[in-house]
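Engineer: Got a structure here, written out as C-alpha cells. Questions coming.
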Amino acid sequence: MMEGLSPASSLPLLLLLLSPAPEAALPLPSSTSCCTQLYRQPLPSRLLRRIVHMELQEADGDCHLQAVVLHLARRSVCVHPQNRSLARWLERQGKRLQGTVPSLNLVLQKKMYSHPQQQN
C-alpha cells in the first residue's frame, strides 16, 4: 500500500473524486490493491454494461473497507456493497442467465442483503 501522497500527486486524485462521472469518480489506483473510498450513488446503465468482471473486497487483513470492485476495460470502480442499483443489476443478470449466475454474484447478493442499511 502507498504510505502517503505528495500534494502534486493528490490533486489529480482529488479532481477525479469530484468528477460527476462514476467511472471517473473513484478509480482503483493501479499502485494499490485496496479500495479506499466507495461510490455510493446509483450506477448508470452505461457503466454497468461495460463491466468486464467483478470481485468482492473484504474488510479484513490488508483492506479496511468492504467493496464491490467493478473492473472495466481500462479502470476499476469501487462500489458500496449495498448499492441498490448494483443489487438490481445483479438480480436482472441472474434472471437473464437463468441459473447460470457465477457464484460471485450470489455471494455479493447475500452480503448486500445481510446488512439492511439504506443505500442507493
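Yeah, the Cβs are placed from backbone N, Cα and C, and that goes for glycine too.
The signal peptide annotation in Swiss-Prot covers 1-25. Under the heading disulfide bond, Swiss-Prot lists C34-C63, C35-C78.
Are these features on the surface or tucked inside, and what are their neighbours?
Structural biologist: Sequence-distant contacts of C63 (disulfide bond), defined as residues of its own chain at least six apart whose C-beta falls under 8 angstroms from its C-beta, comprise S33, C34, C35, Q57.
Secondary structure at C35 (disulfide bond), as computed by DSSP, is coil.
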Engineer: Fewest other Cβ atoms within 10 Å: which of the disulfide-bonded residues C34, C35, C78 wins that one? Let me know.
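Structural biologist: The disulfide-bonded residues C34, C35, C78 were compared, and C34 has the fewest Cβ atoms within 10 Å.
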Engineer: When DSSP is mapped onto helix/strand/coil, what comes out for C78 (disulfide bond)?
Structural biologist: strand
Engineer: Taking DSSP as the reference, which of helix, strand or coil describes C63 (disulfide bond)?
Structural biologist: coil
